[in-house]
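Encoded as structure tokens, the structure appears first; notes follow it.
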């Protein structure tokens, strides 16, 4: 049986980069979890002595702080620097961009609209870069725009993980209202790349294995996309959930993984599938 | 019978302004007709000696040139100035704005997309303000964008008379493609103001009179909107077409006029309706 990985799966560019940066700084602590995967956090702790602090107060107690992909609010960064901390900045470059845009547009006198979830760490960071907090507004729905005291010049950015179609709704409402709308499409297509690659692979595979958290919404969506094209699509968290019966008579097994699934988990799954194949072959030849 | 004018009708702000400017410069000539209405052109000629030149070659033969609302290409303006002509600039301020935007955005290194008709005088003028003609593109359809060599930073303006919904289609395609899209909503709502006002009036009137050219598309659209709300809606070019039978038993006669209909034509129609009423009353009392 052939095993084929989706052309894009698992960690996005920014998370891979952040983990690499953390590994290069043993003994530091990440401010917030680097990834929503306990196994990977444990691995970083045991192999690289990377700690985890969950609040600003805790962050002030450590010497070397890794800023995760989401970034942090500007004033927190400033305070940590003022306190002489070593800052290891692993903010995703796709998140640094909207931070810089908000800072620049705010300086140039634009009202700022940030399309995203005001409670998400990425957005808390991005919006904090406005020179005057009264110039920046976070919205999730077009209807929220109505009551905003926007100037005639508006700049708009999006949370990196939003859907482009939803962003366009906000943009359209602004274009009909303001004289100038400066639209920065800061949406990252990593999520969609994994989804598109999984769909392509599911079309040709006899079966699909999707590896990721059973409660992870992005993993569940990957699984649902795979099922749409390939009836025999299974969602597993790790290699222990593999069932030898799944592979009987199959020619091509496709594999994808959620955005929080480390590659070593994927490799463990592949290794176990090969073991299952060998055991099955041995049993058959007995 | 009460006669009520729509709250907005006839000439838009820019055309009214241009005619006033022309009247203040007797003996000058307009470069292209100031308005698509022969009676008004004739009135300007007989009352203010305002001539009409149709080509750049002809424009070079006169001393004082009125630039009409649409504006003219930048190089023509420059040449006329260099030749020492008196330039009476009646370009609509709503058209000057996109001209200036194109000039500024082109200087700042943006690709320019102009949403409009490349053969329309307004657009020929607007697009001519790009510092480098290779930076500016005129499109009418979203599909035309695909093959354009756009940079990552794009500025977009619209012909003043376009529909906002069509403009948004272009904007959306650009947002999905470029890193930054600077959207300048340069659409003027004068056309829609006349339409909305006509619809409101037609709802309450017993009958509607729409005054304008029978071949004018904006007048025909006004008439069609009125008919939708008021069955007895008539399209006439002037007072000679009024039929006394229309007014029998009516309580409220609404009036609107196309964008090329001078107000004196509207006033003539109102005067004639009053005459018809008096004649009818006199006949009744005999």
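Cβ coordinates are placed from backbone N, Cα and C, and glycine is handled just like the others.
Residues or ranges marked as [4Fe-4S] cluster binding site by TrEMBL: A:12, A:92, A:188. DSSP classifies residue A:12 ([4Fe-4S] cluster binding site) as coil under the three-state reduction. Long-range Cβ proximity for residue A:12 ([4Fe-4S] cluster binding site), meaning a same-chain Cβ under 8 A and a gap of 6 or more residues, is found for A:92, A:188, A:190, A:191, A:259.
For residue A:218 (dimethylallyl diphosphate binding site), applying a Cβ distance below 8 Å and a minimum sequence separation of six or more within one chain yields A:191, A:194, A:212, A:258, A:259, A:260. The dimethylallyl diphosphate binding site annotation in TrEMBL covers A:36, A:70, A:120, A:216, A:217, A:218, A:260.
In three-state terms derived from DSSP, residue A:70 (dimethylallyl diphosphate binding site) belongs to neither a helical nor a strand segment and is classed as coil. Counting every protein chain shown, the number of other Cβ atoms lying within 10 Å of the Cβ of residue A:70 (dimethylallyl diphosphate binding site) is 22. Per TrEMBL, (2E)-4-hydroxy-3-methylbut-2-enyl diphosphate binding site is recorded for A:36, A:70, A:120, A:160, A:216, A:217, A:218, A:260.
The feature isopentenyl diphosphate binding site is assigned by TrEMBL to A:36, A:70, A:120, A:216, A:217, A:218, A:260. Neighbour list (residue A:120 (dimethylallyl diphosphate binding site), Cβ cut-off 8 Å, at least 6 residues apart, same chain): A:70, A:159. Annotation note: residue A:120 (dimethylallyl diphosphate binding site) sits in a coil segment as assigned by DSSP.
Within 10 Å of the C-beta of residue A:122 (active site, proton donor) we count 24 further C-beta atoms, all protein chains included. The feature active site, proton donor is assigned by TrEMBL to A:122.
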Proximal but sequence-remote residues of the same chain as residue A:160 ((2E)-4-hydroxy-3-methylbut-2-enyl diphosphate binding site) (Cβ under 8 Å, at least 6 apart): A:92, A:94, A:95, A:98, A:122, A:186, A:187, A:188
Most isolated by CB count within 10 A, of the binding-site residues A:216, A:260, is A:216
DSSP secondary structure for residue A:92 ([4Fe-4S] cluster binding site), reduced to helix/strand/coil, please. coil
On the three-state reduction of DSSP, what should I expect for residue A:160 ((2E)-4-hydroxy-3-methylbut-2-enyl diphosphate binding site)? coil
Simplified to three states, DSSP reports residue A:218 (dimethylallyl diphosphate binding site) as helix
Other CB atoms within 10 A, centred on residue A:92 ([4Fe-4S] cluster binding site): 21
Counting across all protein chains shown, how many other Cβ atoms sit within 10 Å of the Cβ of residue A:188 ([4Fe-4S] cluster binding site)? 21
All-chain count of other Cβ atoms within 10 Å of residue A:36 (dimethylallyl diphosphate binding site): 17
